[in-house]
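Noted in Swiss-Prot for the protein shown:
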BINDING   227-234, Lys249, 302-308, 351-352, Asp368  ATP binding site
DOMAIN    113-175  domain 'FHA'
MOD_RES   Thr68  phosphothreonine
MOD_RES   Thr383  phosphothreonine
MOD_RES   Thr387  phosphothreonine
REGION    1-66  region 'Disordered'
REGION    368-394  region 'T-loop/activation segment'
REGION    506-538  region 'Disordered'
Amino acid sequence: MSRESDVEAQQSHGSSACSQPHGSVTQSQGSSSQSQGISSSSTSTMPNSSQSSHSSSGTLSSLETVSTQELYSIPEDQEPEDQEPEEPTPAPWARLWALQDGFANLECVNDNYWFGRDKSCEYCFDEPLLKRTDKYRTYSKKHFRIFREVGPKNSYIAYIEDHSGNGTFVNTELVGKGKRRPLNNNSEIALSLSRNKVFVFFDLTVDDQSVYPKALRDEYIMSKTLGSGACGEVKLAFERKTCKKVAIKIISKRKFAIGSAREADPALNVETEIEILKKLNHPCIIKIKNFFDAEDYYIVLELMEGGELFDKVVGNKRLKEATCKLYFYQMLLAVQYLHENGIIHRDLKPENVLLSSQEEDCLIKITDFGHSKILGETSLMRTLCGTPTYLAPEVLVSVGTAGYNRAVDCWSLGVILFICLSGYPPFSEHRTQVSLKDQITSGKYNFIPEVWAEVSEKALDLVKKLLVVDPKARFTTEEALRHPWLQDEDMKRKFQDLLSEENESTALPQVLAQPSTSRKRPREGEAEGAETTKRPAVCAAVL
């Protein structure tokens, strides 16, 4: 007996506690008293920071500047007590709700589950009631598997992988033997025939798709939360046509208007600014792929799998000089391009430099550019209440924004280079009795000789040329690119190779899954068999 009505009740009633043991398989009875919890809010596994909200697609500081993260060491905790705390019971990350008798509900606690007739499967099709059905013979020994993998910011992405002869379907679309597809919340899973719906998949870590505008849902599948801030959040998403990952920045119009007096400041015209930023095209600048203006703003950005430069520096304590050179060369190219197009970033910091991969040698991209255009004068003054570690001296001593020019970005680049080479910030209120503002405005940075002993004189010289208090005497991006430290042909060749690899990967067409021609077991109904012929696999969601 079909129990799809129970699932509809589950979808409409929201989250409730589940009484079944974690990771258990429970026989489905078609009762509304069964566990019906659906997560109504995102529970990202990303590490939180008390200093800054950020994401792998960039921080939210293009629309609000948050307090800058600090690099100083955290004091060690006191010695733990002798008694070790009990291990917490793992919470399920997903739930499969059975739609037919003979199948059982499943709460997913482990990272991998096989489904099929084989006894080795974690979810074995061995119920006597199921074995008596005609469809049982069409199921494979290992029909499909559901698993999750670590994605951006240590969040997880759920996938379904087809290993059957007669097909596994997600929302009536064939996955294709040997192919995988991201599995999003409320997806319906059918076996052998697209109409033979067996499970509904509930991702307990993400929001329901229905809360997003239809125009957005038509093109993208929304997934995990990657970062959040006072005015919005950043979500991982998948393009429906290609299944490629993207990052979608969501800005709350209501919170943004309240927080920045938007109506009183015409500079806060997000729509106009987005149109300008969409025209920017540089390999070292995050590309805006799409924009949706609904109840909130939705900005679709390319996803950077390597995360933030800040995390890279913290994780490694400091970067190799060769790595610093490769990254900094790209930063200079990006900022030079912005300046040539009349844009001053004014919020350059390691959190706004994203890495294309976890590899040591990789492309970087500047994000949250256009800060100076999106934020008005009043809002910018509020950002100075935070820790201005990367702000140029002229910003701290000026009243309002008058007098700012592109030199402020070059100062920030100098601070970033200092941090990458040494592993600590040049200016910090935690290391001296001198106020942070006085340190910056006097240009007296914290120089530790034993740390810098491993850094070349050329690299240190470039840092000094950028951290000049007088903006007129400070190095420009053009001068920095001509500096002897960056006249490294091997480094430039490596950058070009990485660029070529990226261009090749983005140019390759998406290989769509094709149906299997295997007919080891009978397929029910010849007419139904035609459903799986030459059907391209696409990302899909129940909307």
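The backbone N, Cα and C atoms fix where each Cβ goes, glycine too.
Keep in mind that what you see is a predicted model, and the values were worked out from it rather than measured.
Taking the features listed in Swiss-Prot, we show where each one sits on the structure.
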| residue | record | DSSP (3 states) |
| --- | --- | --- |
| Gly227 | ATP binding site | strand |
| Glu233 | ATP binding site | strand |
| Glu302 | ATP binding site | strand |
| Glu308 | ATP binding site | strand |
| Asp368 | ATP binding site | coil |
Problem - Entry from the binding-site residues list Glu233, Glu305 having the most other CB atoms no farther than 10 A - result: Glu233
Handout entry: Candidate with sparsest Cβ neighbourhood (10 Å radius) among Glu302, Glu308, Asp368, the listed binding-site residues
Key = Glu302
Handout entry: Gly227 (ATP binding site): tally of other CB atoms within 10 A of its CB
Key = 27
